[in-house]
Amino acid sequence: MVAMSEALVHARITLLQAWLRMLLFSSVWPPTWCAEYKGPPETVKPLRVIVSSKDMSLAGWMSYSLYFGGQRHIISMKSKNFLESRQLPVFTYNDQGVLFEDRPFVQNDCYYLGFVDGDLESMAALTTCFGGFQGILQINDTAYEIKPKSPSSTFEHLLYKIDSEKTQLRPMRCGLTDEEIAGQVRLQENGKSTRMQSIYGSWWSHGLYIKLALVIDHEQYLYRKKNTSLVIRDVLSIMQGINLFLLSVDINVVLLGLTIWTNGNPIPVQDIYALLPAFCTWKGTNLDSQIPYDIAHLFVNYTFSNYFGIAYVGTVCDKTFGCGIDSIAEDDFLTIGHIVAHEIGHNLGMSHDGILCTCGEESCLMSATMDSSQKLSNCSYEVLWAHMINKSCIHREPRPSDIFQLKVCGNGIVEEGEQCDCGSSENCRRNRCCMPSCTLRSKAKCDTGLCCNRKCQIQPSGTLCRARENECDLPEWCNGTSHECPEDLFVQDGTSCPGDGYCYEKRCNSHDVHCQRVFGQLAMKASDSCYKELNTRGDRFGNCGFINNEYVRCEISDILCGRIQCDKVGTLPILQNHYTIHWTHFNSVSCWSTDYHLGMKIADLGDIKDGTNCGPQHVCIARKCVNKPSWVNDCTPETCNMKGVCNNKQHCHCDVGWSPPNCQETGTGGSIDSGSPGNEVYEDEVVSKKDAPEKPNVIIWLLPIICVAVVLSVLFCLSGATKKSREAAASQPAEERVKPPYEGAEPSYETVKPPDEWANP
């Protein structure tokens with residue numbers, strides 16, 4: 001359901017985007033031109049609807065009901081974030097030209113994209129950043145603008161029907177010509193521009209990430225009356241438009257930084273053809289050291305005759321030429337979303353559409369002239385398919401190291417100088433351990449951590465804080481002084497585990513276990529002939545990895561280390577999107593496998609894991625079958641007195657009854673890394689107790705005596721009660737002894753109030 005819903009969202013690139021382009025910015029800039037409406041607005045009241053699909057609810061979808069046009073419509077939408085951090089880095093200059101960096105808090109979870117249930121061509125683009133819903137709906141080829149009604153105490157909104165015939169766009173064209181493209185090619189060749197190569201192959205429909213750096217010129221800063229907050233607000237509205245325009249190819253544009261020329265333009269901006277190389281040079285000197293990015297664009301409040309922008313073609317991962325210019329002047333404010341999406345298309349390698357290019361409308365996104373259509377043509381798709389495999393930067397999500405986190409009390413992250421951080425004021429009111437000042441409450445010893453209990457106290461030493469997950473994992477216990485559980489440790493790589501497997505990185509890996517994880521408990525490793533037949537092909541169903549964007553055929557000695565091949569598959573599993581199950585039958589042998597192609601953002605279920613047994617004293621490492629003795633470890637079972645196992649730090653984890661560090665003396669078990677359990681023996685302990693020294697247990701001897709005493713006491717009490725009952729019965733008249741219990745009396749009934757939620761089914 002989620003996949004279907006998201007696919008529908010990605011497919012709905014229709015005329016709504018033109019209206020969104022017009023109306024997104026009319027709320028943040030004083031419009032010199034606006035959409036025309038058909039008649040007066042309707043008053044609507046959005047009502048929250050409980051999502052019936054559990055998958056959609058978990059995926060972050062929410063639904064609202066709106067009644068207009070004589071019928072009820074259900075709007076399903078999902079938040080679209082285009083900032084990697086709420087603390088967006090913003091660079092400005094003072095009067096002396098000194099660069100300053102600020103990290104203002106930016107609300108980024110109030111922009112939504114979605115659709116209207118029951119209409120495959122519908123689309124919704126809404127924001128709640130400014131109170132209520134504001135944005136565009138398209139239903140049955142009709143566009144509507146929605147905005148909060150003011151004043152209103154009942155969440156009322158006004159819904160306007162847009163008159164598409166009266167709403168027109170000003171004719172403009174892109175500054176990129178055939179001659180300009182030829183000059184760009186010569187410039188890049190002369191400059192020996194480095195094109196980052198990628199190992200990503202079939203990226204299609206698995207998402208691209210463009211990390212964008214934006215620069216705002218001085219005229220736009222003055223136009224916003226030197227108010228950086230308004231400039232940031234403008235940029236966020238533009239970002240929503242850009243992402244909507246590029247949804248059809250699953251391109252995510254992420255803003256990593258913003259620079260505002262607050263002290264004048266450092267380069268002339270009047271000539272668009274001179275400005276493009278000048279800006280690229282400026283950014284190389286001034287921007288590269290500030291933030292990481294894939295492309296940088298300059299927003300200029302200047303009219304370049306009839307040109308709306310220009311960019312270098314195919315330079316999205318090129319640090320020298322990865323840039324573009326976008327005009328945001330005068331009545332072109334309402335077209336900025338289209339402009340930036342168009343110029344980013346050039347950065348991605350798309351040229352202007354020719355006469356053979358089509359998208360089902362009169363013109364497409366990459367038309368040389370400005371138009372209302374935002375669909376990509378067949379020519380643009382061909383460019384993406386052919387050239388994006390060589391752009392490694394856009395296949396990677398932004399790294400955590402690229403994201404700055406402002407150290408401040410109240411962000412929910414415990415940082416230097418803080419005892420705790422309960423986050424928002426609402427969370428702090430519910431928190432019994434931490435105060436809004438990021439200090440612990442009176443008598444509280446801790447706030448978070450697996451060794452901090454509900455009373456804000458540190459758990460006693462020996463309290464189990466992390467149970468083992470499997471036979472290759474180890475448990476950890478609190479040490480009594482820290483609120484944190486010790487580091488998550490596991491059994492040393494190379495240790496034998498069930499199924500003729502070996503522990504490796506906390507997993508017991510074997511072909512049978514692997515098949516069961518993918519195809520169910522009845523599945524098992526297929527015949528070696530399957531591995532030989534398929535893994536030597538070198539395709540997405542059988543290979544030994546990738547080199548230079550090509551599948552690698554397995555050598556005969558490595559066939560058991562390529563892709564998993566299974567047999568005895570009773571039922572087909574329900575797998576994530578983009579997986580394909582492959583079945584081959586030859587020479588009375590069945591082989592089941594899954595595919596994986598480069599660019600998929602989900603884990604590969606079918607690659608054989610390191611540590612899997614591939615022969616006597618051989619294991620798979622990096623798709624090669626190597627000798628097991630390649631694991632050289634200082635810790636062995638003999639090191640642990642044969643009373644424990646070695647952990648991944650090559651220290652002994654002792655059995656219950658023996659004490660670390662070497663399991664030579666009696667104790668409670670554990671290790672110097674994981675801690676030790678208390679006197680109580682935990683069922684989650686990983687090792688066997690059979691070798692623990694025997695100790696006399698007094699309780700075992702006392703249990704029979706206690707049981708006999710309890711039984712005798714119960715029998716004595718029962719005999720006394722029976723005797724008294726007989727004496728009382730003998731003293732009653734005969735007629736009373738035979739009277740039915742409810743004779744002459746009305747039975748009583750208890751009235752039970754149903755739960756509140758039953759009142760309104």
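Yeah, the Cβs are placed from backbone N, Cα and C, and that goes for glycine too.
Features reported for this protein in Swiss-Prot:
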SIGNAL    1-34  signal peptide
TOPO_DOM  35-697  topological domain 'Extracellular'
BINDING   Cys174, His342, His346, His352  Zn(2+) binding site
DOMAIN    208-400  domain 'Peptidase M12B'
ACT_SITE  Glu343  active site
DOMAIN    406-493  domain 'Disintegrin'
DOMAIN    631-664  domain 'EGF-like'
TOPO_DOM  719-761  topological domain 'Cytoplasmic'
Three-state secondary structure, which DSSP defines for His352 (Zn(2+) binding site): coil
Secondary structure content, the domain 'EGF-like' (631-664) (per DSSP, counts of residues): 0 helix, 9 strand, 25 coil
Zn(2+) site shell beyond Cys174, His342, His346, His352, criterion: Cβ within 8 Å of Cβ centroid: Leu176, Gly309, Ala311, Glu343, Gly345, Met350, Ser351, Met366, Ser367, Ala368
Cβ neighbour count (within 10 Å, all chains shown) around His352 (Zn(2+) binding site): 22
Number of helical, extended and coil residues in the domain 'Disintegrin' (406-493), per DSSP: 6 helix, 12 strand, 70 coil
Cβ-Cβ neighbours of His346 (Zn(2+) binding site) (radius 10 Å): 24
Other CB atoms, at most 10 A from the CB of Glu343 (active site): 24
